[in-house]
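S.K.: For reference, the structure I am asking about is given below.
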Amino acid sequence: MFSRIAAVSFLALPLLAAATPVLRRGDCNTGPIQCCQSTETAGSAAGSALLGLLGVVVQSVDVVLGLNCSPISVIGVGSGSACDASPVCCENNSVGGIISIGCVPIQL
């Protein structure tokens, strides 16, 4: 009986490993890769002041904001046009080009 359980477990292990998603470096599942000059949390002095000036309300003070962001092409990541500041993936890049909301830092 034990040998059957061991055999089934051993044969099922590769199925579990194959079903696990793996994100590659530079992948974004929240939005396009952006290069931001700086990042702040919504609860920081700079973040809350900027959100107040723009009249933007966010759900949490822990939301990461990208400031002065520009898009990075995936093709350019390895060829010298990489981001020297803060590479991030952001959910909402439509706040006038000044601020991006819901950013997640990534490694290029």
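Glycine too: its Cβ is placed from the backbone N, Cα and C atoms.
Positions annotated as disulfide bond by Swiss-Prot, on the basis of similarity to another entry: CYS28-CYS89, CYS35-CYS83, CYS36-CYS69, CYS90-CYS103. Residues or ranges marked as N-linked glycosylation site in Swiss-Prot (evidence: sequence analysis): ASN92. The annotation signal peptide is assigned in Swiss-Prot to 1-19.
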S.K.: Want to know which recorded positions, from CYS35, CYS69, CYS83, CYS89, ASN92, are within 10 Å of CYS103 (disulfide bond) at Cα; which are they?
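M.R.: Within 10 Å of CYS103 (disulfide bond): CYS89, ASN92.
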S.K.: Out of CYS28, CYS69, CYS89, ASN92, the recorded positions in the record, which is closest to CYS35 (disulfide bond) when you go by Cα distance?
M.R.: CYS69
S.K.: If you count other CB atoms within 10 A of each CB, which of CYS28, CYS35, CYS89, CYS103 wins among these disulfide-bonded residues?
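M.R.: Max Cβ neighbours within 10 Å, all protein chains included: CYS103.
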S.K.: Do you see any of the recorded positions CYS28, CYS83, ASN92 whose C-alpha is within 10 Å of CYS36 (disulfide bond), and which ones?
M.R.: CYS83
S.K.: Taking just the CA atoms, what is the gap between CYS89 (disulfide bond) and CYS69 (disulfide bond) in Å?
M.R.: 10
S.K.: Quick one: which of these recorded positions, CYS69, CYS83, ASN92, have their CA within 10 A of CYS28 (disulfide bond)?
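M.R.: Hits: none.
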S.K.: Whole-number Å only: compute the distance from the Cα of CYS90 (disulfide bond) to the Cα of CYS69 (disulfide bond).
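M.R.: Cα-Cα, rounded: 10 Å.
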S.K.: Whole-number Å only: compute the distance from the Cα of ASN92 (N-linked glycosylation site) to the Cα of CYS69 (disulfide bond).
M.R.: 12
S.K.: What same-chain residues, at least 6 away in sequence, bring their CB to under 8 Å of the CB of CYS69 (disulfide bond)?
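M.R.: Within the chain, CYS69 (disulfide bond) has Cβ neighbours under 8 Å at GLN34, CYS35, CYS36, GLN37, VAL88, CYS90, ASN93, GLY97, ILE99, SER100.
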S.K.: Quick one: of CYS36, CYS83, CYS90, which of the disulfide-bonded residues has the smallest count of other CB atoms within 10 A?
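M.R.: Result for the disulfide-bonded residues CYS36, CYS83, CYS90: minimum number of other Cβ atoms within 10 Å at CYS83.
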